Amino acid sequence: MSSESPPPAASGDNQDELILAQKEAIAQDIASNASLVGNLEPVYSLEREFSHDAVFMTKIGNLKGRYAELRRTRPDGNCFFRAVAYRYFELLLHRPDEYERIKALLPRAKAQMIELGMPTFTLEDFYDNFMDHVDRVGQAHMDAQQLFETFNEPGQSDYLVVFLRLLTSMQLQRNAEFYQNFMEGDKTVAEFCATEVEPMYNESDHIHITALTEATGISLRVIYLDRGSQTEASLHDFPDQGESAATTPLVHLLYRPGHYDVIYPVKSTSESGPATSNATVTTTAELSS
Amino acid sequence: MNDHPRLTAVFARLSFGRTSGKKPARKATDNPKWEKRLQKELMAIMKDPPDGITVSQDTLEGSDLSQICVNMTGPSGTLYEGEAFMLRFKFGPKYPFDSPEVVFTGENIPVHPHIYSNGHICLSILTEDWSPAMSVQSVCLSIASMLSSCKEKKRPPDNSFYVKTCHKNPKKTRWWYHDEDV
């Protein structure tokens, strides 16, 4: 195959190639500088990046009381899905109840995906692979280190991401009437899924998060570290529990504009066992004041 | 899956190709399992071929999975009824996370408003709207459906300019998908 030859001499005729080559170079650069899933680091490591920024520094300072550690993911457009998947699999290592729940839920989800007309052949490939990993982790055939390695192996890691993208697409399409309210212009939900959900490297938005948490029953809290004027990072729980915040979400993510990382509440890192609910919890009301 | 004797032989040949070719160094973004996925796809097409679509003899006899050819017959009841076409797929190591390169090849390139005379196809699922849940089979079906909905056989308006200036790999073109109805 010789199709990867450099642009021909008359490159003035074809700017497309240069642009695409640059995009590929950027992707390779990101890939060589950021692991798909990084090691645990203390939350205060964020301070190094934002030392010049008073608003962020205040918010990070206030986060430190509630969150101990951070795990970065590669900013490749798949970060939301990869972060959720990693943290969830990590929890499955210690949560037989979650393992039983998700094991019962996924076959139903798969049937719904097929019912929607998703291509059975490829879907089964992604489903089987995902289920296989759920089983391996849930039945202790894989430990935290192997999980970490799996998520850093591109083919494998992306296989898991694809399945979550398909689940999200399924949830949106099955509830198309509702989600149509959030579409821009005259885009249909099916078109949105085909262009913004199923293809890799497309960034996730509120609507992806809502659909994925609905489809999986995985509760999620996103801490938004952005330029808002308050001194506390704002947060959003999925599914939305309003002011009650009765239960602590399973998975916590830190959002910075354009990117999601995994964040670990104080005393509830991966090693702390099932007692995630004992972590320091701040209610929605307190945080959004 | 390997129960059919002829398919088993083909499968063995395709598998053999995996070890015989020299491998370029793997990049951080590559999928080490792309050939396995592709073998499964080809097996599925051979076992249960969709209407008008067959894997070419050369592909079946060859051992290189990075390039395969598929015969397509113009769908009946359309402007292309009875015509024979050939599609060439090229796969990179990021398949199926990245799309394959797909062009019409051979003597008969369909005359269609989204198909250039050099075989390049303007179809969004082949670049930015590609999803890993798609496959050789679903690409063939999308292209067949594109042919079926055509009302007038003609080349794209910018055919002669494009064919003169484009890269031979259509994935190196940044396509503008303007006319979704044809």
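Any Cβ shown, glycine's included, is placed from N, Cα and C.
Residues near A:Asp76 (active site) in space but far in sequence (CB under 8 A, at least 6 apart, same chain), listed by position: A:Ala27, A:Ile30, A:Ala31, A:Leu36, A:Tyr201. The active site annotation in TrEMBL covers A:Asp76 (among others).
Look at A:Cys79 (active site, nucleophile): DSSP puts it in a helix. There are 25 other Cβ atoms within 10 Å of the Cβ belonging to A:Cys79 (active site, nucleophile). According to TrEMBL, the feature active site, nucleophile maps to A:Cys79.
DSSP gives A:His259 (active site) a strand state. Taken from TrEMBL, the feature active site applies to A:His259 (among others).
The domain 'OTU' annotation in TrEMBL covers A:68-266. In the predicted structure, the domain 'OTU' (A:68-266) carries a mean pLDDT of 93.
Residues or ranges marked as region 'Disordered' in TrEMBL: A:269-289.
Listed in sequence order, A:Ala233, A:Ser234, A:Leu235, A:His236, A:Tyr255 are the same-chain residues six or more apart from A:Tyr224 (site 'Interacts with free ubiquitin') with CB atoms under 8 A from its CB. The site 'Interacts with free ubiquitin' annotation in TrEMBL covers A:Tyr224 (among others).
For A:Asp226 (site 'Interacts with free ubiquitin'), the same-chain residues lying six or more positions away in sequence with a CB closer than 8 A to its CB are A:Ala233, A:Ser234, A:Tyr255, A:Arg256, A:Pro257. Summarising the annotation, TrEMBL assigns site 'Interacts with free ubiquitin' to A:Asp226 (among others).
Among the features that TrEMBL reports, site 'Interacts with free ubiquitin' is placed at A:Tyr255 (among others). Counting every protein chain shown, the number of other Cβ atoms lying within 10 Å of the Cβ of A:Tyr255 (site 'Interacts with free ubiquitin') is 22.
Take the CB of A:Tyr260 (site 'Interacts with free ubiquitin') and look out to 10 A: across all protein chains shown you find 23 other CB atoms. Sequence annotations record features per position, and here TrEMBL assigns site 'Interacts with free ubiquitin' to A:Tyr260 (among others).
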Reduced DSSP assignment, A:Asp226 (site 'Interacts with free ubiquitin'): coil
Nonlocal neighbours by CB distance (under 8 Å) for A:His259 (active site), same chain, sequence gap 6 or more: A:Thr73, A:Pro75, A:Cys79
